[in-house]
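Step one of this worksheet: look at the structure below.
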Amino acid sequence: MKELKVSKINNGTVIDHLPPGRALKVLRLLGIDGSEGFMVLIAMNVYSKKLGGRKDIVKIENVYLSDEQTKALALIAPTATINIIRNGEVVEKRGVTLPDVVEGILTCPNSSCISRSKREPIKSKFLVVSKRPLKLKCHYCGEIIEEKEVSNYINLR
């Protein structure tokens, strides 16, 4: 039996069951580059019974994800599980859920889209056309974003 030996965190967030190779994208999404001063643990390509193969894990001490960050995480890692840790114990465990409509998280790739106009106070709005594979359609101009490119358009302010 394989055993994972990664340090525990006392307080913070564990993002588990990430598809292999996504841990670094998750850190980029969260704006974490290592200079913040809090502990970040990354395990990549470790064995997972749940996923039937490999997975990545990210542990972030003393950091908790906002609702917006959780929604963005669902766009790049729909199989992720978020564990909230307090005093060394898991106090909450939840999967991420991709909503049917994604608002204000993505930038439309179409430079002419009204949602990109600085003069219009309009949040971007994408309809989820397909969850697997992920395919999103801009509500305003109809531009399509495919799964492989979605992380390029995530814009958390």
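Note that Cβ sites are derived from N, Cα and C of the backbone, with glycine treated the same way.
These come from Swiss-Prot:
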BINDING   C108, C113, C138, C141  Zn(2+) binding site
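Distribution of Swiss-Prot features across the structure.
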residue: C108; record: Zn(2+) binding site; DSSP (3 states): coil
residue: C113; record: Zn(2+) binding site; DSSP (3 states): coil
residue: C138; record: Zn(2+) binding site; DSSP (3 states): strand
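A Cβ within 8 Å of the Cβ centre of C108, C113, C138, C141, the residues given for Zn(2+), is found for these other residues of the same chain: P109, N110, S112, I114, S115, R116, S124, H139, Y140, G142, E143. Cβ-based crowding with a 10 Å cutoff singles out C108 as the top-ranked of the binding-site residues C108, C113. For the binding-site residues listed here (C138, C141), the lowest count of other CB atoms within 10 A around the CB belongs to C141.
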